[in-house]
Structure formats: C-alpha cells, structure tokens
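Below: the structure, in structure tokens.
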Amino acid sequence: MMDNKTSFKDFQLLAFSNNPERGPLLFLVFFLIYLVGVLGNIALITVTFVDAHLHTPMYFFLCNLSTVDIIFTNATLSKLMDILLSGNKSMSIKECFSQMFFFIFAASTEDTLLPTMAYDRYIAISNPLHYHSIMNNKSCVLLLIANWISGCLNSFILTLAASHLTLCQSNKIKHFFCDVKALQKIACPDIMFLIIIYAEAIILGLLPFLLSLISYIKIITIILGIKSKTGRRKVFSTCSSHFTVLVIFYGAAMCMYMRPPSEQSEEFDQYILIMAVNKLLSLQQEYFCQKRKYQETAFFFFLVRK
C-alpha cells in the first residue's frame with residue numbers, strides 16, 4: 001500500500017476550490033449530467049433488450065458501451081457531487097484506489113471497445129452479405145471478453161503501481177476524483193511509474209486509436225466509391241456519430257495523459273474530462289437514435305404491456 005513520509009490517513013480533493021460559493025449551482029449541473037448519463041444508458045440497454053429488431057452485433061456492442069459509461073459516470077461524478085453538496089473533500093486511501101480502479105477499468109474497456117465497434121461497422125459496410133456469419137454470436141462474445149479482461153488487467157496494473165508511490169509533502173489532490181496523474185503529482189519522483197504511464201498511453205491509447213483509424217479510412221474509401229448521394233449519406237450516417245466519439249475520447253485522453261509535465265495543468269484536465277464525458281454521453285444517445293428512430297415507440301409499448 002502507499003507509503004508516506006508523513007502520517008496522512010486520507011486525501012483531500014480540491015475540486016473547484018476557487019469558487020466554493022458556486023457549489024450548489026455546480027451540484028445541480030453535474031447532477032443533471034449524471035442523471036442524463038445513467039438513466040439514458042439504462043434506457044438504451046432496456047430498449048435493446050426488449051426490442052427483437054435490435055438484437056444485432058452493433059447494438060450488442062452499444063449495450064456494453066452503455067454499461068461501461070454507467071461505470072465511468074459513477075466513478076467520476078459521484079464523489080464530485082458529494083463534495084459540491086456537503087463540502088466533504090476528504091477521501092480515505094481505500095476509497096481513493098477503489099475509485100481509481102473503476103475509472104481506469106471503465107476508460108480502458110471503452111478504449112478497446114471503440115475500435116471493436118469501428119471494425120464491426122467496417123465489416124457491415126464492406127461485406128454486408130456475410131456480416132452476420134463473420135460477426136456471429138461467438139465472435140462478438142469473444143471480442144467483448146477480451147475487451148473487459150484487458151480493461152480489468154490494465155486497471156489492476158496501474159492501480160497497483162500507483163498504490164506503491166510515496167507521498168512527499170501533501171495529501172491534497174487537485175482534481176475532483178482520484179486520478180492517477182493527479183496522484184503522481186503529489187508523490188515523490190518515480191521514473192518507473194512515469195514509464196508505465198506513458199507505455200500504457202501508447203499501448204492502450206495510441207494503438208487502439210490507430211486500429212480505429214484504419215477501419216474508418218477503409219470505410220471512407222468505400223463511401224467515396226458509392227455513386228448515389230443518398231447511398232453515401234445513408235452509409236455515412238451509420239458511423240458519423242461513432243467516429244466523433246472516437247475523436248473526442250482519444251483526443252481527451254491524449255490531452256490529459258500524453259502532454260509533457262511542464263505543460264500539465266490540473267484545472268485544464270478537469271475541464272477537458274468534464275466536457276468529454278458530457279459530449280460522449282450525448283453523442284452515444286444520438287448515435288443510438290439515428291439507428292432506430294422507433295426506439296421510443298418500442299419502449300412505450302414495453303411499458304404499456306407492463
């Protein structure tokens with residue numbers, strides 16, 4: 001467990017400490033974001049489950065993405081809302097590393113799930129006649145097992161490495177949750193930990209992004225080869241929102257974790273993460289709505305039958 005040169009028993013999260021008088025207003029804003037994120041994703045999962053027309057690989061992956069986003073939203077916003085409402089900024093060491101584990105777990109799983117979804121879209125567009133034989137139930141389950149296991153393993157390694165850092169002078173984390181980079185800034189210099197962070201950013205950040213990019217380059221090539229404007233628009237609409245999600249997710253991750261230490265700012269990281277979470281949640285639901293405009297009708301009839 002974490003070593004300390006002093007006798008710290010907890011951490012202090014300095015979330016938006018420059019404007020304490022805005023706490024209640026910020027709480028309402030983040031509570032709304034939290035409700036939209038959690039309830040919206042639960043609704044998407046429910047609609048997909050009850051509507052037989054949505055039992056396809058694309059929605060299977062989308063349901064898993066919704067599950068990851070629920071974990072992600074709870075890991076990042078739950079403690080922040082508590083701080084803004086009660087003013088309780090303290091967090092025990094166990095709570096800190098538990099939060100860190102679930103945040104990294106959700107982020108890492110989404111990190112590998114997005115290129116899987118990009119590959120799924122590529123197969124659907126490039127080989128529609130054999131799509132269901134290629135993306136069969138066994139293939140989808142195996143891909144998702146690999147996604148979840150890699151996310152869990154990466155989270156375990158990073159959280160374990162962070163737990164062995166040595167605190168030097170302060171227990172004050174300038175973030176609204178126990179982020180691994182924010183914790184590293186109050187710890188004594190550790191070159192090995194820094195190497196792990198950057199290696200992880202390249203292997204589970206840059207590599208999945210490049211795989212997604214390859215899929216979308218091939219998709220765009222196919223779209224440009226379609227002569228009909230209506231056909232191009234229809235094909236592009238099936239992947240435009242997902243491509244935007246990719247750009248925002250990987251862009252935010254690279255801004256936060258791959259900037260040189262001299263250019264890092266806790267306030268900038270907080271705003272980048274908040275904007276990314278908010279935009280990703282809205283885009284994911286827009287993505288779902290574009291695919292099946294009748295989802296609300298299906299959900300309504302499901303409730304009526306109950």
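Note that Cβ sites are derived from N, Cα and C of the backbone, with glycine treated the same way.
According to TrEMBL, the feature domain 'G-protein coupled receptors family 1 profile' maps to 40-250.
Summarising the annotation, TrEMBL assigns transmembrane segment to 25-47 (among others).
For 59-77 (among others), the entry in TrEMBL reads transmembrane segment.
Sequence annotations record features per position, and here TrEMBL assigns transmembrane segment to 97-119 (among others). The list of residues near the transmembrane segment (97-119) in space but at least 6 beyond its ends in sequence, with Cβ under 8 angstroms from a Cβ of it, reads 58, 61-62, 64-65, 68-69, 71-72, 74-76, 79, 91, 143-144, 146-148, 150-152, 154-156, 158-159, 162-163, 177-180, 183, 204-205, 208-209, 211-212, 215-216, 239, 242-243, 245-246, 249-250, 253.
Look at TrEMBL and you will find 140-162 (among others) tagged as transmembrane segment.
TrEMBL lists 191-214 (among others) with the feature transmembrane segment.
Taken from TrEMBL, the feature transmembrane segment covers 235-259 (among others).
Here the domain 'G-protein coupled receptors family 1 profile' (40-250) has a mean pLDDT of 86 out of 100.
When each of the listed stretches 25-47, 59-77, 140-162 is scored by C-beta pairs under 8 angstroms to the transmembrane segment (191-214), 140-162 comes out highest.
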